[in-house]
Amino acid sequence: MSGDWVHTGQALIWVLWIFAAIIRGSVTEEPHRYTRLGWVQGKQATVLGRLEPVNVFLGIPFAAPPLGPLRFSNPQPPIPWHDLREATTYPNVCFQNLEWLFIYQNLLKVHYPKLGVSEDCLYLNIYAPAYANDGSRLPVMMWIPGGGFETGSASIFDGSALAAYEDVLIVTIQYRLGIFGFFNTQNQHAPGNWAFQDQLAALQWVRENINYFGGNPDSVTIFGGSAGAISISSLILSPLSAGLFHRAIMQSGVAIIPSLKNFDDELKHGLQVVADVCKCNVSDSKVLLKCLREKSSLELLSLGQKTKAFTRVVDGSFFPEEPMELLSQKTFKTVPSIIGVNNQECGYILPMREAPEILFGSNESTALTLIHVLLHIPPQYMHIVAKDYFHGKHSLTDIRDTLLDLFGDVFFVVPGLVTARNHRDADGPVYFYEFQHRPNCFQNTRPAFVKADHTDEIRFVFGGPFLEGDVVMFEEATEDEKLLSRKMMSYWANFARSGDPNGDDLPLWPAYDQNESYLKLDVNISTGWRLKDRRVEFWTDTLPLIMSASKALLSPTFPLILFSLLPPSLLSIAS
């Protein structure tokens with residue numbers, strides 16, 4: 001009798017254990033999840049400071065491989081599979097020059113896993129609390145990586161810490177880069193914007209499948225840095241993304257950022273480079289596409305490095321009009337947004353790649369020459385820029401610091417603030433930040449004058465101090481930096497949950513209203529108002545009005561920064 005009781009009791013214990021496991025998402029070292037395409041098997045990871053593991057699924061396809069006839073075409077649905085698919089190894093990165101990934105590892109003091117490269121690259125990674133399963137309906141945060149639309153990968157970011165600490169589900173994605181992501185013929189044969197179409201395909205996959213991993217398809221926040229932030233800003237403006245996401249975070253990048261707009265003569269030059277390098281006939285778009293689809297990946301990569309003419313285009317579909325037109329019309333979907341910049345966006349990483357000589361100091365003549373070359377400001381107006389920025393600056397280091405600030409203003413701060421104002425005026429909830437902390441890990445590797453450089457905030461957002469896997473994002477973090485990382489993870493996750501970053505034990509983050517309040521993110525968090533208000537006025541009002549009086553707005557050399565930021569009303573007056 002007692003033996004029967006013991007047997008029954010043990011059986012009951014097993015039933016309760018199994019039931020608990022189901023309730024908690026079947027916590028196992030080899031988690032299995034169903035998708036509409038087939039079953040996947042992931043793995044588990046741990047993070048510092050948390051006992052419960054994170055389920056990790058790597059390399060899940062969200063589109064068919066863009067090979068052969070699918071090169072330079074919209075992404076197609078992924079191919080289903082019948083066996084259990086192992087999702088435990090990193091996918092190939094999209095075709096790019098891997099040299100820059102290796103260089104960035106050293107410059108950024110990070111470590112990436114060993115990654116292959118292929119055009120077969122449309123995959124995503126998922127990081128979820130181990131208990132999450134169908135029915136958990138956790139907020140989803142989809143990260144769109146940056147890299148200047150030329151380099152980058154889903155797998156150089158690890159969402160484990162953010163998922164573990166904040167009970168959110170993290171998705172990191174990949175999209176075609178360089179010429180593979182943006183080649184176009186400006187007609188129906190190859191309208192371009194393939195990279196943005198890939199991002200739409202990833203969002204559609206999330207919409208249809210993320211509930212099986214414990215995510216809520218009705219609570220999707222897209223976030224990204226640099227080119228990823230530009231992509232997010234573009235997705236907000238595009239009518240094709242309607243209903244696919246509900247909140248957005250743009251870290252150091254927006255759609256109206258200068259250098260993204262190319263003119264017809266630049267495209268013609270790019271096509272001529274194609275003709276010269278690939279020996280393809282560019283007079284017939286169909287023939288040209290057939291020729292290019294027969295070229296090797298390396299041949300196309302080499303071609304992309306010889307011309308930068310192929311970038312985002314107004315294709316009548318993803319971009320019905322120029323981004324500034326769409327922004328100023330305020331007909332875009334007004335989702336709650338966080339927009340932010342770092343306080344020295346062009347402090348180190350970007351100059352190291354584009355013009356390293358200026359880091360050692362610059363005189364005013366050299367500085368103005370660089371400004372003229374990079375911004376295409378006509379020589380007769382350079383004295384206006386010099387007076388506004390360099391008045392009273394004499395030492396080489398003072399001029400260098402001012403020049404770096406100018407480039408940061410032009411390419412990041414002013415476009416970000418103009419975008420924030422337009423979102424606010426379209427009745428979209430907006431929160432703005434300036435990240436101000438120089439990471440301690442650069443104490444001995446960066447010049448002392450560098451403050452918070454481009455991308456420095458990312459290691460804090462992803463909980464870099466708490467990662468212990470293949471991706472190393474933040475070695476040598478101080479206790480203050482660990483606390484700042486925890487706070488930033490909480491701000492970002494709170495926003496993903498509700499559209500408001502504020503929460504218990506966090507300094508108040510005011511909305512970006514008519515007072516233009518913003519958060520200063522540093523080890524001691526505080527609030528500011530009207531960030532660089534005079535600089536915004538200079539680039540969007542003072543200088544354009546002076547130039548419009550002399551019809552300089554009609555010149556083909558009109559500076560791209562102003563062309564990107566001017567409201568259509570001023571352009572029409574000038575014409």
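Note: Cβ is positioned from N, Cα and C throughout, glycine not excepted.
Copied over from Swiss-Prot, here are the features:
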SIGNAL    1-28  signal peptide
DISULFID  Cys94-Cys121  disulfide bond
ACT_SITE  Ser226  active site, acyl-ester intermediate
DISULFID  Cys280-Cys291  disulfide bond
CARBOHYD  Asn281  N-linked glycosylation site
ACT_SITE  Glu345  active site, charge relay system
CARBOHYD  Asn363  N-linked glycosylation site
ACT_SITE  His454  active site, charge relay system
CARBOHYD  Asn515  N-linked glycosylation site
CARBOHYD  Asn524  N-linked glycosylation site
Cα-proximity to His454 (active site, charge relay system), 10 Å cut-off, over recorded positions Cys121, Ser226, Cys280, Asn281, Glu345, Asn515: Ser226, Glu345
Inter-residue C-alpha distance, Asn515 (N-linked glycosylation site) and Asn281 (N-linked glycosylation site) (nearest angstrom): 56
For Cys291 (disulfide bond), the one of Cys94, Cys121, Ser226, Asn281, Glu345 that lies nearest, given that the recorded positions are compared by Cα: Asn281
Packing count at His454 (active site, charge relay system) (other Cβ atoms within 10 Å of its Cβ): 25
Lowest local Cβ density (other Cβ within 10 Å) among recorded positions: Ser226, Asn363: Asn363
Neighbour count (Cβ, 10 Å) for Asn515 (N-linked glycosylation site): 10
Lowest local Cβ density among Cys94, Cys121, Cys280, Cys291, which the record lists as disulfide-bonded residues, within 10 Å: Cys291
Cβ-based isolation winner (fewest other Cβ atoms within 10 Å) among the glycosylation sites Asn281, Asn524: Asn524
Intrachain C-beta neighbours of Glu345 (active site, charge relay system), sequence separation six or more, cut-off 8 angstroms: Ser252, Phe407, Gly408, Phe411, Phe412, Val413, Asp453, His454
Cα separation, Asn524 (N-linked glycosylation site) to Cys280 (disulfide bond) (Å, whole number): 58
